[in-house]
Amino acid sequence: MNLVVIGVNHKTAPVALRERLAFVGGDIQVAQAQLQQITAGSLIISTCNRTEIYALAPSTQLLANSDAALSKQSDLSLADEPVSTVDLTEQLITWLADFKQVPLEETRPYLYDYVDGQALTHMLRVAAGLDSMILGEPQIFGQIKRSVNQAKEQGFLTNQLNWVVEQIFAAAKRVRNETDVGTQAISLGYAASKLVTQIFDRPEETTFLLIAAGEMNRLVAQNIAGLGVKRILICNRTPERANLLAQELAHLGIQIEVHPLTELDSLLYQADIVSSCSGSMDMLIDKAMTRRALKKRRYKPMLMVDLAVPRDIDSSVGKLDDVYLYSIDDLQHVIAGNLEKRRQAAVEAELLVSHLVVEIERRFQVRKVGQDIHDYRALAAQKAEAVLNEALHELRTSEATAEEVMTELTRRLTQTLVHAPSSLMRRAARDGNNEAIDLIILGLKDAYRKK
């Protein structure tokens, strides 16, 4: 297959090095253009937790002079021999260090590299969330898809690498659909969003009230906003941070309002979902306030998530009918149980990954043989045409009879047809490979028998 991957991730490299090796902005386009010169297709995946380069080694390799291997200004020449995956791996490692201007000796100890089946396995594990910091998280799949789409738009994803990527995407979906590795919530934000879908049949019709615009509530907001809620109310002591969060969520096309914390009492009745994490020493929502809100909203159910320590919402609020109150401890208990379930599911997922990689390799071999047969037929037709042209020329210019020319044509075509298998059998005989000789002879006999 000639597939190579090199990279660093959160398990192999400290964040300081990952930052230096990350691709941002227009970096990827420039990098992909350079990689085109030494690969048969490449793909760069760069997130906060990993930087990886996937590439195919070409059968005929463009090489540059040794002191500027990938410079566009270098004089390029065709190599006589195919480039091995070992050679390409070394080229990619050297290129990455040069491109990011990080000394090779500082980079190499933290890099991992895989080829062919191991590279496929790694790529599938990454896409399925099995290699993520948060086991089974789905975000990496979307990040890879965006990288693939970008490479396609820029013309850097070759047909062969695109085929590999499509196989990986289909396999990753099977891993997530056929195992429970991604079904259990193991982050506070994701756990909160799961509660929303359990309580509300139509999250897109709900209003979400966010009390405080700190980091934890920001993560909750991202997850719940991703459900497509109709409206978000951000209630914060100061408008600056609330406005920043509003801008961050604005691209989702959701109606967003920013209010001062002093308006909380008058806003509460509008909220179907409440997430609070203020860091205040005072209780923000008590039982009486919630009763007023419930009455005003005609006792439609409310989900309240209190992530604050000390708590923002009086625990007695949870005793009210139509209120579902969850504290940070409640969510942590859910997450702990779910993490163990994910770990158990990951064992099953890893077995499925191994099976799917074998399937992909088999499909690749079938695809490759099909291309090899096509190329062989084209070469045979080219040789036959050359022999035919010689015969036609002889008919026009020599005194030979048509029968003599046809006899010579038949002889030459026969030599052309038997040359390749004869050479293979001689080579196999020299190598003592009797199995290959038997396979060739039996195959030829079977083919001629069918004719």
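Just so it is clear, glycine is given a Cβ too, placed from its N, Cα and C backbone atoms.
Taken from Swiss-Prot, the feature substrate binding site applies to T47, C48, N49, R50, S132, E137, P138, Q139, Q143, supported by sequence analysis. Look at Swiss-Prot and you will find C48 tagged as active site, nucleophile, backed by sequence analysis. Among the features that Swiss-Prot reports, site 'Important for activity' is placed at H122, with the record citing sequence analysis. Per Swiss-Prot, the feature NADP(+) binding site maps to A212, A213, G214, E215, M216, N217; the stated evidence is sequence analysis.
Taking the recorded positions C48, A213 in turn and counting surrounding C-beta atoms within 10 angstroms, the largest count is reached at A213. Counting only same-chain residues six or more apart in sequence, the Cβ atoms lying under 8 angstroms from the Cβ of T47 (substrate binding site) belong to I140, Q143. Counting only residues at least six positions away in the same chain, the Cβ atoms of N9, H10, R18, S132, M133 sit under 8 Å from the Cβ of N49 (substrate binding site). Cα distances from G214 (NADP(+) binding site) to the recorded positions C48, H122, P138 are smallest for C48. Rounded to the nearest whole angstrom, the C-alpha distance between P138 (substrate binding site) and C48 (active site, nucleophile) is 15.
For M216 (NADP(+) binding site), the same-chain residues 6+ apart in sequence whose C-beta sits under 8 angstroms from its C-beta are L188, C277, L307. Under the three-state DSSP scheme, N217 (NADP(+) binding site) falls in the helix class. Distance noted between the C-alpha atoms of A213 (NADP(+) binding site) and C48 (active site, nucleophile) is 22 Å. Across the residues annotated as binding substrate (T47, C48, N49, R50, S132, E137, P138, Q139, Q143), the widest Cα-Cα separation comes to 15 Å. Residue density at A212 (NADP(+) binding site): 25 other Cβ atoms are found within 10 A of its Cβ, drawing on all protein chains shown.
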